[in-house]
Every structure is written in C-alpha cells, then in structure tokens.
Amino acid sequence: MGQDLTFKRHRRLRQTAAIRNMVRETKLHIDDLIYPIFVKEGEGVRQEVPSMPNVYQLSLDQLDAEVDEIVSLGIPAIILFGVPAEKDAVGSAAYHEHGIVQQAIRQVKESYPDLTVIADTCLCQFTDHGHCGVIEEGKILNDPSLDLLARTAVSQAKAGADIIAPSNMMDGFVAAIRAGLDSAGFTDVPVMSYAVKYASAFYGPFRDAAHSSPVFGDRKTYQMDPANRLEALREARSDVEEGADFLIVKPALSYLDIIREVKNETGLPVVAYNVSGEYSMIKAASLQGWIDEKSTVLEKLISMKRAGADLILTYFAKDVARWLNEEK
C-alpha cells in the first residue's frame with residue numbers, strides 16, 4: 001500500500017483489554033441497580049413466576065433470605081410490589097396500615113435500615129378489576145383515583161418507605177402524592193415518578209407476577225402511545241413541575257431515545273425500567289442457547305446508561321451484581 005494515504009487509526013485505542021477499559025465512556029456499577037421484589041400474602045410462599053425464570057413471589061417469612069442476598073451483593077435499593085390475598089373495587093389493601101407492602105417495608109427497614117426501600121404506589125394489583133384507578137360505568141375516573149393514590153403513598157411513608165414510586169399515570173398524580181406526603185409530615189420523602197410509561201406489549205410477564213391484568217379493556221387511556229415522543233417530554237415536564245425528584249422511563253430498551261431526551265430536558269435523575277418482557281426475552285433465548293446471557297444483559301444495561309439513565313430498575317440486578325463483583 002502506498003505511503004501517501006492519510007487516515008485515522010481508531011483501532012489503536014482497542015488493542016488491549018486494559019486500554020479499552022481506560023477509554024470506556026460508559027461504565028455500569030452496582031450502585032446503579034434497583035431490584036424488584038414481589039411480596040405475597042401467605043406463609044412459606046416462594047413461587048417462581050412461570051414467565052420469568054428465577055423471579056419469585058415471596059411471602060414475608062421468605063423475604064429476609066432474599067434481602068440478605070441482595071445486601072450481600074451490594075445492591076443499594078429494592079422496589080416492592082404487593083400481591084394481596086383479597087381485592088376490591090377501590091384497592092383498599094393498597095393503603096391499609098397492615099397491607100402486604102406496608103408490612104414488607106417495616107420488616108425490611110427493621111433488619112436493614114440502610115437499604116433503600118422504594119414502594120411502588122399503584123392500585124392495579126389491589127383492585128378486583130385490575131385497573132389503576134376508580135371505575136364508574138367502565139370508565140377510569142382520574143380525580144377520585146388521586147385521593148386513593150395519596151392515601152397509599154402516605155401509608156407507605158408511615159411504614160418507612162424511603163422513596164415513593166407512583167406508577168398509575170393518572171393526570172396530576174405527582175402533585176396529589178406530593179401534597180399528601182407534605183401534609184402528613186413527609187416532606188423529605190422523595191417521589192420517583194413513572195413519568196413516561198408507555199402502553200407497552202412488554203409488560204405481559206409482570207402482570208403474571210403481580211396478578212394485575214385488567215379484567216376488561218386496556219390501559220391505553222392513561223398509559224402512553226408508543227409512537228409518541230413529544231408527549232413523553234410533556235409528561236416529564238408536568239411531573240417535574242408537580243414535584244417529582246426522579247423520573248422513570250418504562251420500558252427502557254425500545255425507548256432509549258426517550259431516556260436521552262428526558263435527561264437532556266429535565267436534568268433530574270432518570271431511571272430506566274428494564275421491564276419484564278425485556279427480561280423474559282433474554283432468559284428464553286439464553287435457555288435455548290441462542291445468545292450468551294451475560295454479554296447480552298451487560299450490553300443492554302450499558303445501552304441504557306449510555307442513553308442517559310442514572311439508575312436501572314432490573315430483574316437482572318442480582319446476576320449483574322455477581323458479574324461485576326467477579327470482575328473486581
């Protein structure tokens with residue numbers, strides 16, 4: 001080849017693993033991870049979710065062993081989802097003092113006061129119709145639902161939740177919850193809002209885990225259209241104005257562009273929710289031997305951080321923590 005060619009040799013910075021690590025722009029840390037736990041009423045329950053390998057519904061007597069493992073791995077935070085024994089039209093178990101989530105919060109905080117406990121604040125797991133609000137003649141009522149969400153948030157804060165994470169996508173839900181928390185004296189409890197939550201096909205396995213599928217209709221009148229980008233920014237701005245401290249984008253993998261735009265637009269900490277369908281697809285493919293699970297998971301989570309996520313809520317958190325610890 002002639003000596004008069006001029007071009008940039010980018011491969012110089014890829015010659016060894018050490019050099020590649022030195023110039024790596026995005027890195028994944030255990031401190032980035034939040035692990036979801038499904039707590040279920042009953043005793044001796046450790047029931048694997050059929051569509052989510054290695055994810056379990058746990059009764060309170062099984063919870064300590066799970067949390068012990070999480071803490072030993074260095075994972076800094078969990079988020080709790082409740083699976084109640086009884087449901088009703090207004091989801092009263094969601095805001096009951098002795099609801100399953102409230103009991104789990106108290107139990108975890110008593111044993112591990114330094115572990116950050118996030119409470120998912122919604123009604124769908126607790127209503128007999130499976131929707132995230134009050135129903136009247138087949139319609140989900142926005143404003144009456146806000147009162148119940150605020151009651152739920154306050155009850156969770158009283159139980160000791162460090163962060164409240166409202167997920168139901170009613171208009172004004174952050175304002176209602178922030179006002180409720182402040183009035184009850186919980187001005188220092190932050191709100192991690194599901195600010196941008198799409199009406200996604202990727203939620204199927206979660207509804208299997210949380211027993212939260214709607215009995216009728218769907219959630220498209222309150223969750224977002226997957227085709228919309230500008231609407232996501234309007235939703236995020238509204239939640240910032242109403243007092244949100246963190247913003248969740250859900251799902252994550254199909255919405256990396258939204259994660260970046262929300263981060264640029266708001267400057268608040270952004271949480272990527274690596275949802276159940278994303279988890280189960282990788283699990284299914286890896287069980288068939290079609291992909292390498294570890295490499296695929298790490299690449300996926302790195303893409304979320306590269307897009308702008310500060311934190312990642314993922315069912316892979318324990319696996320990722322083990323892999324990262326092995327690399328130390």
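Including glycine, each Cβ sits where the backbone N, Cα and C put it.
Here Swiss-Prot flags Lys197 (among others) as active site, schiff-base intermediate with substrate, drawing on similarity to another entry. Every protein chain considered, the tally of other Cβ atoms within 10 Å of the Cβ of Lys197 (active site, schiff-base intermediate with substrate) stands at 24. According to DSSP, Lys197 (active site, schiff-base intermediate with substrate) sits within a strand segment.
Long-range neighbours of Lys250 (active site, schiff-base intermediate with substrate) (same chain, six or more residues apart, CB within less than 8 Å of its CB): Ser167, Tyr194, Val196, Lys197, Tyr198, Ser200, Tyr273, Val275. For Lys250 (among others), the entry in Swiss-Prot reads active site, schiff-base intermediate with substrate.
For the recorded site, Cys132 (Zn(2+) binding site), the DSSP three-state label reads coil. According to Swiss-Prot, the feature Zn(2+) binding site maps to Cys122, Cys124, Cys132.
Annotation comment: Swiss-Prot describes Arg207, Arg219 as 5-aminolevulinate 1 binding site, evidence class similarity to another entry.
Per Swiss-Prot, Mg(2+) binding site is recorded for Glu235. Taken residue by residue with DSSP, Glu235 (Mg(2+) binding site) is part of a helix. In sequence order, Ala195, Val196, Met224 are the residues near Glu235 (Mg(2+) binding site), counting only same-chain partners six or more apart with C-beta under 8 A.
Annotation comment: Swiss-Prot describes Ser276, Tyr315 as 5-aminolevulinate 2 binding site, evidence class similarity to another entry. The number of other CB atoms found within 10 A of the CB of Tyr315 (5-aminolevulinate 2 binding site), across every protein chain shown, is 25.
Secondary structure from DSSP puts Ser276 (5-aminolevulinate 2 binding site) in a helix. Neighbour density for Ser276 (5-aminolevulinate 2 binding site): within 10 A of its CB lie 24 other CB atoms from the protein chains shown. Lys250 (active site, schiff-base intermediate with substrate) falls within a strand when secondary structure is assigned with DSSP.
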